[in-house]
Amino acid sequence: MRQRYQLKQRPQRSRSYDSDDHERGACEWCEYALVITLATVLLIGVSALTIFWVFYYRGGYAWADDTPDKQFNLHPTLMVAGFVTFCGFSVLLYRICRCFRRIYVKLLHAIFHALAFPCIVIGFLAVLDYHNKKGINNFYSLHSWIGFVAMGLFGLQYAVGFFSFLLLLICNKGTAGFRASLVPIHAAFGILTFVLGVAACLTGLTEKAIFALGADRYSGLVDEGIIINAIGVSMVAILGVVMYILSREKFRPAEARERLTRTSVDL
């Protein structure tokens with residue numbers, strides 16, 4: 001009788017464990033949805049806040065010799081859009097599009113990089129031409145040095161990614177080993193490029209606030225200074241949320257986790 005009683009109790013215990021596993025899975029999905037939503041709102045919001053700042057406080061945009069200040073306004077807007085918004089989404093696509101086929105995620109990744117590329121190039125040309133019109137030296141500040149390195153890494157990443165993606169389309173099986181060896185390098189330098197891009201935008205915002213408002217007005221917490229600081233804090237929050245998402249192995253697609261496990265076992 002005692003053995004029969006124990007056998008009857010075992011299914012109830014297994015159902016309890018299954019319930020715990022289900023609850024843990026639900027909590028993970030809630031966490032995943034929360035941080036992905038937060039990252040999306042921040043990535044879009046930081047560009048929207050930058051556009052609002054430029055239109056409300058800086059007079060909008062132009063590209064003409066008689067309005068060089070409005071031409072300069074293209075620089076912060078396009079650099080934030082390119083380095084932060086588009087690159088941020090590009091980095092997160094492998095976590096956001098968990099149900100997509102890998103080839104489609106790669107294609108979206110390439111599209112977001114393609115959107116960031118003209119933003120960065122036009123933003124760079126805008127500030128370079130502005131400096132030449134105003135007689136300001138180029139590449140003298142920490143902001144410009146960090147930005148120059150970030151642009152160089154972005155161009156290198158874009159070229160390597162485009163090259164490997166073409167190899168994927170031309171010869172999938174023959175280049176599998178070569179592309180697999182590029183993945184960790186490409187991912188590491190992609191994160192580094194994103195971090196340097198955020199750093200360049202933060203130092204550039206600080207420069208613009210001091211030059212445009214002056215140290216006295218900026219230290220007095222005028223409205224424009226608060227908006228500039230809000231843009232900077234948003235970018236810091238984006239960096240923190242993106243790094244958190246990338247650090248969570250459970251946010252990876254199941255296929256990527258299995259591939260990572262097989263690699264670690266092989267090693």
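Every residue gets a Cβ built from N, Cα and C, even glycine.
Note that the structure is a prediction, hence the values are computed from the model and not measured.
These features come from TrEMBL:
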type     : residues : note
COMPBIAS : 1-13     : compositional bias 'Basic residues'
REGION   : 1-21     : region 'Disordered'
TRANSMEM : 32-56    : transmembrane segment
DOMAIN   : 38-247   : domain 'Cytochrome b561'
TRANSMEM : 76-95    : transmembrane segment
TRANSMEM : 107-128  : transmembrane segment
TRANSMEM : 148-170  : transmembrane segment
TRANSMEM : 182-206  : transmembrane segment
TRANSMEM : 226-247  : transmembrane segment
Exercise. Could you tell me what the rest of the chain brings near the transmembrane segment (226-247), counting residues at least six beyond its ends with Cβ under 8 Å?
Key: 35-36, 38-39, 42-43, 45-46, 49-50, 52-53, 56-57, 80, 84, 88, 91-92, 95, 191, 194-195, 198, 201-202, 205-206, 208-209
Quiz item: With the transmembrane segment (182-206) as the reference, which stretch in 32-56, 76-95, 107-128, 148-170 has the largest tally of C-beta pairs below 8 Å?
Solution: 76-95
Self-check item: Contacting positions for the transmembrane segment (76-95) when only residues 6+ beyond its ends and CB under 8 Å are counted
Solution: 36, 39, 43-44, 46-47, 50-51, 54, 61, 105, 108-109, 112-113, 115-120, 122-124, 126, 147, 150, 154, 190-191, 193-194, 197-198, 200-201, 204-205, 208, 231, 235, 238, 242, 245-246, 251-253, 256
Quiz prompt | Feature contact check the transmembrane segment (148-170) with the transmembrane segment (107-128), CB under 8 Å, 3 or more pairs | solution = yes
Self-check item: Spatial neighbours of the transmembrane segment (32-56) far in sequence, C-beta under 8 Å, 6+ residues away
Solution: 73, 76-77, 80-81, 84-85, 88-89, 92, 95-96, 224, 227-228, 230-231, 234-235, 237-238, 241-242, 244-245, 250-251
